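Encoded as structure tokens, the structure appears first; notes follow it.
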Amino acid sequence: MNQPAPAALLPPRRVRLKPWLVAQVNSCQYPGLQWVNGEKKLFYIPWRHATRHGPSHDGDNTIFKAWAKETGKYTEGVDEADPAKWKANLRCALNKSRDFRLIYDGPRDMPPQPYKVYEVCSNGPAPAESQPSEDNAEEEEEEELQKMLPGLSITEAVQPGPAMAPYSLPKEDVKWPPTLQPPVVLAPPAPGPNLLVPAPGNAADFGEVFSEVLPSSQPQPGSLSTSLAPTGEQLLPDLLISPHMLPLTDLEIKFQYRGRPPRALTISNPQSCRLLYSQLEATQEQVELFGPVSLEQVRFPSPEDIPSEKQRFYTNQLLDVLDRGLILQIQGQDLYAIRLCQCKVFWSGPCASAQGSHPNPIQREVKTKLFSLEDFLNELILFQKGQTNTPPPFEIFFCFGEEWPDCKPREKKLITVQVVPVAARMLLEMFSGELSWSADSIRLQISNPDLKDRMVEQFKELHHIWLSQQHLQPVAQTPAMPGLSAAQGPWPMHPVGMQ
């Protein structure tokens, strides 16, 4: 009589991730795996890092192990337990799936209850017969790139005008800075709060826009940059009582070429920056072409390390029309964009008017509002009070030369840029218990302490909420309305931690 093959030798099973994972969230049998709200579109998934948070004894009841068993990659009593591999398998499945989108990528440091937030996408995956297999994925990638050039969004070239003064070229080739140590900039003070901001979406004359957007700024007496290293419990109320200590002008910028590792840097210029790809240098005589010279000039990385020849060709097609660039401008506590370049730019973010999968373009030479710190603080207060179900968004995504948002995953776009206002991220991480502090973690800059009364009131209210949370004891039951504070995570706390 033939004996059945050992379980460990059985081939892995093909399992549809979406129905299986949705069923597991509904089952409530895995600690921390639960819906964010009643709409069942967003869910928390615990994401503990064993190397950071120490060993855990909850590994026998995790969604990662369940997925390994479901797909036949782990058999109890036969295979050796490997929680790290289980986690990697599920992470890869989520990243490849079109049914899920990562909304919140988890903490940067060591909170007591780390997690991620995923969205269940309404757009289902492509039919099985159209899904590329591993064998022909590279071939289909080449075919897809071959079809991209006619669809690239580049503004029609304008008729040449009067001859301009010769461009000045840099003396040396510009090297990509993020391969070096991230820059630390001692910034001059930010523009005063009395500057008036034109209504977003209104076209403006170039000279008028730039004179209003970026007035000459002279250092003020007493302006200083301070490195602080107190404990998190001491620093948080200090920052909320003295909001001028927050890096309000800092932006984290992350460049991403399709399929390539992202390259990131932090900008600390209070007049912000211009994203460009060119060896032409901005001069005082060419403000209408390239914007003010006081902007930090941030160049896109070279595409030369893109291995695919076709992808590199199409990427260069877009970079070649990014000479004039995209200006990111901080005015007061708001972030704006002005598109100068011929390459069309699409975006998504907190202030985007288009919702869902409808493309959202940035009109050329029109100031577009991207982010409002005041609105973010209002939403953060409501979230901490339990009056809203999700934390306020603050990340901004740009897609160059292709429509966005649309049904195509962001990872498939040729050129994308993510922009994060550092102050917003810090505030959310503080109230999530996700931010650890060290002497070299951040250089906090004091530049303009005269903030509007309304913003001061917002910080005072946030400070009051934080103090109230310190007196709360951890609860043993899952809260009806999960929050992100250090004292109350989105799932019950366990004495031995979570795997």
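For all residues, glycine too, the Cβ spot is worked out from N, Cα and C.
Among the features that Swiss-Prot reports, motif 'Nuclear localization signal' is placed at 12-18, with the record citing similarity to another entry. Annotation source Swiss-Prot lists DNA-binding region at 14-122. Residues or ranges marked as region 'Disordered' by Swiss-Prot: 121-142. Residues annotated as motif 'Nuclear export signal' in Swiss-Prot: 145-155. The phosphoserine annotation in Swiss-Prot covers S153, S294, S302, S432, S436, S438, S441, S447 and rests on similarity to another entry. Feature annotation from Swiss-Prot assigns ubiquitin cross-link to K412, K413; the stated evidence is similarity to another entry.
Positions of the features from Swiss-Prot, shown on the structure.
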residue: S153; record: phosphoserine; DSSP (3 states): coil
residue: S294; record: phosphoserine; DSSP (3 states): coil
residue: S302; record: phosphoserine; DSSP (3 states): coil
residue: K412; record: ubiquitin cross-link; DSSP (3 states): helix
residue: S432; record: phosphoserine; DSSP (3 states): helix
(request) For S294 (phosphoserine) and S432 (phosphoserine), determine the Cα separation and express it in whole Å. (result) 36
(message) If you compare CA-to-CA distances from S153 (phosphoserine) to each of the recorded positions S302, K412, K413, S432, which comes out shortest?
(response) K413
(message) Going by DSSP assignments with H, G and I as helix and E and B as strand, what are the residue counts for the DNA-binding region (14-122)?
(response) 40 helix, 18 strand, 51 coil
(request) Give me the Cα-Cα distance between S302 (phosphoserine) and K413 (ubiquitin cross-link), rounded to a whole Å. (result) 16
(message) Whole-number answer please: how many Å between the C-alpha atoms of K412 (ubiquitin cross-link) and S432 (phosphoserine)?
(response) 31
(request) Select one residue from S153, S294, S302, S432: among these modified residues, choose the one with the most other Cβ atoms within 10 Å of its Cβ. (result) S432
(message) Counting only residues 6+ away in sequence within the same chain, which have a CB under 8 Å from the CB of K413 (ubiquitin cross-link)?
(response) R258, C399, E402, W404
